[in-house]
Amino acid sequence: MSSPRSGIPHYWVALRAMLVLTAVLGVGYPLVITAVGQLALPAQANGSTVTVNGDTVGSALVGQSFSDADGNLLPQWFQPRPSAAGDGYDGGASSGSNYGPENADLIAAIEERKAQIAEFNGVTPDDIPADALTASASGLDPHISPEYALLQVERIAAERDLAVEDVRALVQSHIQARDLGYLGEPTVNVLQLNIAVEALKA
Amino acid sequence: MDVFFAILQVASLVLILALLYRPLGDYMARIYTSRKDLKVERGFYRFIGVDSGVEQTWQSYLRGVLAFSVVGLLFVYLLQRFQAVLPYSLGLPAVPEGLSFNTAASFVANTNWQSYSPDLTMGYTVQIAGLAVQNFVSAAVGIAIAIALVRGFTRRESATIGNFWVDLTRGILRLLLPLSVLGAVVLIASGVIQNFNGFTEITTLSGGIQNLPGGPVASQEVIKNLGTNGGGFFNANAAHPFENPNAWTSLFQNVLMLMIPFALPRTFGRMVGNHKQGYAILAVMGTIYVASLTFLTLFELNGAGTAPQLAGGAMEGKEQRFGIFASTLFGSTSTLTSTGAVNSMHDSYTSLGGMMPMINMMLGEIAPGGVGSGLYGMLVLAIIAVFVGGLLVGRTPEYLGKKIGPKEIKLASLYILVTPTIALLGTALSFAIPAVRADVESTSIWNAGTHGLSEVLYAFVSAANNNGSAFAGLTANTPWFNTALGVAMLLGRFIPIVLVLALAGSLATQDKVPATAGTLPTHRPQFVGLLLGVTVIITALTYFPVLALGPLAEGLQ
């Protein structure tokens, strides 16, 4: 008793089935979904890009670095989290550090960041939140915690000759609540905050 | 306050799954018991040369599964080897032989272990026409096997257990494809990308250069979760903002991973004609799920270990938008199903936290497990449990009206030995063969000491149980790991399938025996407790020694 019609071997059935299924699931399906995305939801389907004065400066979803070519943090910009994607926020090499909790390199890196961020912002090391000291899972985390954003306010105000209160109010207005009010964590989108702070001086 | 949000998050997930349980479970039962073919299905059967009205013996059913999987393996292998001449390959070269074998085995075995970084290795054509196709079909194969086993219980004196080609086709066309289309649109609306743009170079706000990736991501993301496959379009998997842009999509992906495995007990209950049997299985799955999630969340929240303590929280390898709670929820769901997707890096979890995904996989992926594989794994354990119950009272065990004789017990016992043997043997050989050990220690292991052992153990447990997640610091793109893990994935997938189909065939040939006063009821809390106990004890006895050498040693020092 066999389900393929008599005389047709299983592998021949399998080969034909795989060809049809590849055409349907591997070509037809993604093309239909792409058509729906491009026609009905083009902004999202193409990466939620952000433009300033007509120029695309990034994606609202993907973090970017605010360092100079040598990797030094630029003091006039709100700084994102440390990144393990390539040399930092490499859009072609998403990755976490994968350091374990007892890894000596990670422990040294956290100590170094702690000292550096404290000095950079003129705060005590104990005030620095965990997200500022740790690399994200993707290396492309677009967000920082509200605490880390607020911690950078005085530095930004001084660097840009802005009133501390104005910058703080700007950060407060950029704190995104949890999704639907209860999912995930409150965040601040670094790119959008930096676009806003750049506009503030005008 | 934070804990309140965490509980609300889990509660909404439970509510959604509870609402889906009956309609989805009943729908799946109808799919696999209906005698009618759709018009499009009739055309498909004609083209591939199958008579949908004829059922198969378990041996013939198995030959269909194996033939289909071998063809799939060759397809995915060849697509990778010819990547250089395929369209939309982003200029990437052919994938090397060893890696191509590993990846083909991985996706055909519903594992989606990735020895490679997709960002740098796979063009769009290989992803959509090779990998995503296997995401659909390997999931449909898993459900088909589970349904065949359930038929073993429902049939009386039957030589056949269904028709593989019909089960495969219906699972894809009536279940996975329609749900994927809906889910993909939801994901795009929520920010997941879907294009063929390749990389776009942009000048960042501060004047730097960034290459933003493109890709047909949403169409793959949905089936990767729905089919409990787990292979990421990007290296960072569901931590990548283009795969999983916010905490809402993360919850939605949890639903996708869990909806079919948690609804299959309903399908089972309906097919055997007793919904309480389904609820008993569901209760065991649900209890393990909640317990495991609670442990992982507490470990990560506690943030033990030198680095998390120094940083003030276990945020290494976690995204700010997810935080601890949405990360541990995803990590638990992904490793308790056989998905293996990640939205946080398990390698960077606290020592005891990192042990939880391993334990989840070591349980055999049954709470609720992969699509189909979770149900058949749990039913095998149920057979072991009624056997243990029978030993206690000195009576021939029965389950669902079928006598559990020597043949059934042998098959079930072999089943529960397969994956631990592969996982532990693979880990042991990695250190026992001198040349391999030197390579593993110098090239592959990323974190020194006990954590390095955990990385290797995690890899083999993940491969043998067809999960696919990793302690991703491990460099697995080496001849040893590509070969050993590839073999582990194939054996870990297909030996259990052979045993389950043999079991289905054996059960189907039996007549039903009427339940008597001495029959152990398998729909009551007592049996739920027994099954829970059997599951935990088997896993604990098998794996405790090696856990003591890895994560326990690291976490308790």
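Just so you know, glycine gets a Cβ as well, placed from its N, Cα and C.
Nobody curates TrEMBL annotations by hand; they come from automatic prediction.
Features reported for this protein in TrEMBL:
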- B:6-24: transmembrane segment (TRANSMEM)
- B:61-79: transmembrane segment (TRANSMEM)
- B:128-150: transmembrane segment (TRANSMEM)
- B:171-193: transmembrane segment (TRANSMEM)
- B:251-268: transmembrane segment (TRANSMEM)
- B:280-299: transmembrane segment (TRANSMEM)
- B:375-393: transmembrane segment (TRANSMEM)
- B:414-436: transmembrane segment (TRANSMEM)
- B:483-507: transmembrane segment (TRANSMEM)
- B:527-549: transmembrane segment (TRANSMEM)
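Among the stretches B:251-268, B:375-393, B:414-436, B:483-507, the one making the largest number of Cβ pairs under 8 Å with the transmembrane segment (B:61-79) is B:483-507. If you count C-beta pairs under 8 angstroms between the transmembrane segment (B:375-393) and each of B:128-150, B:171-193, B:280-299, B:414-436, the highest count goes to B:128-150. When Cβ distances are compared across the two stretches, the transmembrane segment (B:414-436) makes contact with the transmembrane segment (B:483-507), since 3 or more pairs at least 6 residues apart fall below 8 angstroms.
Proximity of the transmembrane segment (B:483-507) to the transmembrane segment (B:6-24) is not established, fewer than 3 Cβ-Cβ distances being under 8 Å for residue pairs spaced 6 or more apart. For the transmembrane segment (B:171-193), the list of distant contacts is 27-28, 31-32, 38, 40-41, 136-137, 139-140, 143-144, 214-215, 217-219, 221-223, 225-227, 241-246, 248-249, 252, 256, 260: same-chain residues at least six beyond its ends, Cβ to Cβ under 8 Å.
Nonlocal intrachain contacts for the transmembrane segment (B:280-299), taken as residues 6+ away from its ends with a CB within less than 8 angstroms of a stretch CB, comprise 6, 10, 21, 261-262, 265-266, 268-269, 324-325, 328-329, 331-333, 336, 349-350, 352-353, 356-357, 359-360, 363, 366-369, 374-375, 378-379, 382, 522-525, 527-528, 531-532, 535.
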